[in-house]
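Peer 1: Handing you a structure now.
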Amino acid sequence: MKDKLQTVNLSTVSEFVLVGLSDAPEVRFLLFVLFLITYLATMAGNITILVAIITDTHLHNPMYFFLGNLSLLDILCPTITVLKMLEALLLENKVISFTGCMLQLFFFIDVVGTEIFLLAVMAYDRYVAICHPLQYMNIMSMKLCAHLAIGTWVVGFFNSLLHTSLIFTLFFCDSNEVDQYYCDIPPMLAISCSPTYSRELVILTVAGLLGSSAFVVTLISYIYILLAILCMNSSESRYKAFSTCGSHLTVVCIFYGTTICTYVRPSSTYSPNQDRIVSMLYGILTPLLNPIIYSLRNKEVKSALKRVISTLRYTFSCTKVAYGAGASY
């Protein structure tokens with residue numbers, strides 16, 4: 001009878017409460033405004049780059065194909081977490097259902113995992129472009145690019161499926177308060193009343209293997225790139241090569257550093273305050289910075305954005321003239 005009652009108690013959690021943000025009204029309003037502006041700027045920047053890549057034929061090459069995938073991921077990443085956070089800040093609704101929490105964690109880990117692998121693919125693309133420029137278009141064919149892009153999404157999906165199934169087959173009985181502004185692996189492990197050692201071991205092993213393999217590909221690619229750049233005779237060529245890869249390297253350093261700090265470690269080292277700051281770096285700041293870094297440091301993207309804006313202005317003016325003529329008639 002006791003075991004039966006214990007089983008019932010273990011399965012009573014049907015919702016979670018996200019307690020990772022301040023309850024003070026003045027702080028809450030300030031955070032709402034700050035995160036809303038950040039989210040809107042992130043959406044505007046990434047959507048603009050995505051539209052430029054799709055519509056401008058000058059950007060129809062492997063590098064920008066992968067950049068388009070990155071922009072899509074940077075649209076999805078904050079949308080998964082920030083919208084719920086804005087609701088909690090504005091309406092004080094911090095409750096999220098068990099299913100909602102599970103889906104949020106699944107899609108977030110899916111997007112983050114996919115981006116880790118995509119950054120490795122982008123590093124390889126830059127290696128081929130700089131170290132084998134004459135063979136670049138033959139090696140990085142659209143077929144190979146499509147396979148690489150699809151591969152990153154598929155690996156990210158199954159990686160997330162494994163992590164989510166490991167977390168949401170745990171029991172949650174002592175507390176349903178998640179000390180984070182969204183559902184994530186470390187805080188979910190922290191509030192579980194089930195033994196977590198074996199699951200943590202699987203999570204650390206899988207995250208370590210996949211993360212380290214992506215990091216090794218990136219590291220080796222950039223070692224070869226650096227050697228190739230140092231062997232260039234022209235200082236102008238060296239500057240152009242550094243400029244091309246500088247933006248990608250900046251994103252890689254921020255993203256890999258923060259995600260490794262979050263996921264490749266035991267739950268005993270979990271620190272809610274530190275984790276909130278670190279998660280904001282890769283979940284909110286990186287998606288905001290990506291369009292800024294790529295557009296401000298890349299002449300082709302800036303030129304494409306100018307062409308898109310000019311086209312939109314021309315279309316708008318033509319529509320306005322046509323509407324005015326129709327009204328006069």
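Quick reminder: no glycine exception, Cβ is built from N, Cα and C everywhere.
Note that TrEMBL annotation is computational and uncurated.
Quick paste from TrEMBL:
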{"type": "DOMAIN", "residues": "45-294", "note": "domain 'G-protein coupled receptors family 1 profile'"}
{"type": "TRANSMEM", "residues": "29-52", "note": "transmembrane segment"}
{"type": "TRANSMEM", "residues": "64-83", "note": "transmembrane segment"}
{"type": "TRANSMEM", "residues": "103-124", "note": "transmembrane segment"}
{"type": "TRANSMEM", "residues": "144-172", "note": "transmembrane segment"}
{"type": "TRANSMEM", "residues": "201-229", "note": "transmembrane segment"}
{"type": "TRANSMEM", "residues": "241-265", "note": "transmembrane segment"}
{"type": "TRANSMEM", "residues": "277-296", "note": "transmembrane segment"}
Peer 1: Who are the chain neighbours of the transmembrane segment (201-229) in space, where the CB to CB distance is under 8 Å and they lie at least 6 residues beyond its ends?
Peer 2: 113, 116-117, 119-120, 123-124, 126-127, 130-131, 155, 159, 162-163, 166, 185, 238, 241-242, 245, 249, 252, 256, 259-260, 263-266
Peer 1: Which whole-number mean pLDDT does the model give the domain 'G-protein coupled receptors family 1 profile' (45-294)?
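Peer 2: Mean pLDDT across the domain 'G-protein coupled receptors family 1 profile' (45-294) comes out at 87.
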Peer 1: Who are the chain neighbours of the transmembrane segment (241-265) in space, where the CB to CB distance is under 8 Å and they lie at least 6 residues beyond its ends?
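Peer 2: Distant Cβ neighbours of the transmembrane segment (241-265) are 112, 115-116, 119, 122-123, 126, 129-130, 184-186, 203-204, 207-208, 211, 215, 218, 222, 225, 228-229, 232, 275, 278-279, 281-282, 285-286, 289-290, 293-294, 297-298.
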Peer 1: What residues in the same chain, six or more past the boundaries of the transmembrane segment (29-52), come closer than 8 Å to it by Cβ-Cβ distance?
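Peer 2: Sequence-distant neighbours of the transmembrane segment (29-52): 21-22, 59, 67-68, 71-72, 74-75, 78-79, 82-83, 85-86, 89-90, 284, 287-288, 290-292, 294-295, 301, 304-305, 307-308.
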